[in-house]
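Take a look at the structure set out below.
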Amino acid sequence: MPAIVLIGAQWGDEGKGKATDLLGGRLQWVVRYQGGNNAGHTVVLPNGDKFALHLIPSGILTPGVTNVIGNGVVVDPGVLLTELAGLDERGVDTSRLLLSADAHLIMPYHVAIDKVTERFLGAKKIGTTGRGIGPCYQDKLARVGVRVQDVLDEKILTQKVEAALEFKNQVLVKIYNRKALDPQQVVDEVLEQADGFKHRIADTRLQLNEALERGETVLLEGSQGTLLDVDHGTYPYVTSSNPTSGGAAVGSGIGPTKITTVLGILKAYTTRVGSGPFPTELFDQNGEYLAKTGGEVGVTTGRARRTGWFDAVIARYATRVNGITDYFLTKLDVLSSLDTIPICVGYDVDGVRYDEMPMSQTDVHHAKPIYEEMPGWWEDISHARTFEELPKNAQNYVLRLEELSGAYISCIGVGPGRDETIVRRDVVR
């Protein structure tokens, strides 16, 4: 059976949790392959229960599914334990969660440096969540990071923390005028936290590949979105990892030839949290309508999301860089009760038309959207379960997005619930 990659095709917050939850009953494994607790998935169960997950894969809510925090993820031990406790309190079985021995740990000094750096930059800040994600990935690439497996050997953990703080404390004290961190205190804190997750540490790359060899289905769940990818996103206003489909193989240990489907998640309009270019951003009553009707508040940050019309330029770009085979279009219901719905089909940059993503980020900043208008609809579509049950104008809107994006729209979300979905084509194949 296949490995399926699920990836956001915009700037994150597209509704990936809903897609994972919908597929959950057909899956045996769900894997987070990058990022950390700087992203959030919201899942609404058929009984109305709502779960906001930041680190643990969405498959944890589906009985019988084994969930993996992969080697490409950076893990805050405290956040992991808090999230597990919250799920346990609500009766969710968390026994089938595994943690890659090679995932990196977010240490207290990563969080401290992240927060003071953003304050130091002031108006020039990137807009990070301040959770230590970037500094942890920096240490990973500099080969001075602390990995999950290090908590199994106190001597190695102590050596790594002491070596790291020789430099980090200089930065905190001499540049940012903050107090130095005590190495032993950091070690003791991490070891105490490790008591709550040591039993979950595993060679997950081996287990995942063996699962595929047995014919089981594995979903590789990305966080954030394509335009936040450190290589392919709107740099420097990006995350510190690779949410794109190429990152799925690296962050899980599954070879790329074992991935048969790349499911992109597209919101029927566009949103973004934090700083950075956003060509279709709205500052009028339409933007307010999308934000209010769509409930556009960041799951992790609590920050209001910026809103705009659908951008086909970035959708085509996402299709290309991810090799997307299918799309799940979410929040189509939010667009009900609009007379007309603009779609951005290209950019105008200083009088030059771009139908594809400009190479220069300066051009992306200066891009003005070129719109094509589609007639809207006023009907309530939340009860539609087949494509034909949608109003004709809603059908035409979906088909136009499909044409512009360059991949088949296999699923359509018409409400927040798991069952409020239209399936046009099975993505597990």
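Just so you know, glycine gets a Cβ as well, placed from its N, Cα and C.
What Swiss-Prot records for 12-18, 40-42, Arg305, 331-333, 413-415 is GTP binding site, and it gives sequence analysis as the kind of evidence.
Marked as Mg(2+) binding site by Swiss-Prot on the basis of sequence analysis: Asp13, Gly40.
Under the heading IMP binding site, Swiss-Prot lists Asp13, Glu14, Gly15, Lys16, Asn38, Ala39, Gly40, His41, Thr129, Arg143, Gln224, Thr239, Arg303. A strand conformation is recorded for His41 (active site, proton donor) in the three-state DSSP classification.
According to Swiss-Prot, the active site, proton acceptor annotation covers Asp13, on the basis of sequence analysis. According to its DSSP assignment, Asp13 (Mg(2+) binding site) is coil.
The active site, proton donor feature in Swiss-Prot is assigned to His41; the stated evidence is sequence analysis.
The secondary structure of Arg305 (substrate binding site), as reduced to three states from DSSP, is coil rather than helix or strand. Sequence annotations record features per position, and here Swiss-Prot assigns substrate binding site to Val299, Thr300, Thr301, Gly302, Arg303, Ala304, Arg305.
Looking at Lys18 (GTP binding site) and Gly40 (Mg(2+) binding site), their Cα atoms lie 12 Å from each other. Within 10 Å of Gln224 (IMP binding site), counting CA to CA, the binding-site residues Thr42, Ala304, Arg305, Leu332, Val414 contribute nothing. Ranking the recorded positions Asn38, Gly40, His41, Arg303 by Cα distance from Gly15 (GTP binding site) puts His41 first. Measuring Cα to Cα from Thr42 (GTP binding site), the binding-site residues that fall within 10 Å are Asp13, out of Asp13, Arg303, Ala304, Arg305. For the binding-site residues shown (Asn38, Thr42, Gln224), fewest C-beta neighbours within 10 angstroms: Thr42. Take the binding-site residues Arg303, Arg305: by the count of other Cβ atoms within 10 Å of each Cβ, the lowest one is Arg303.
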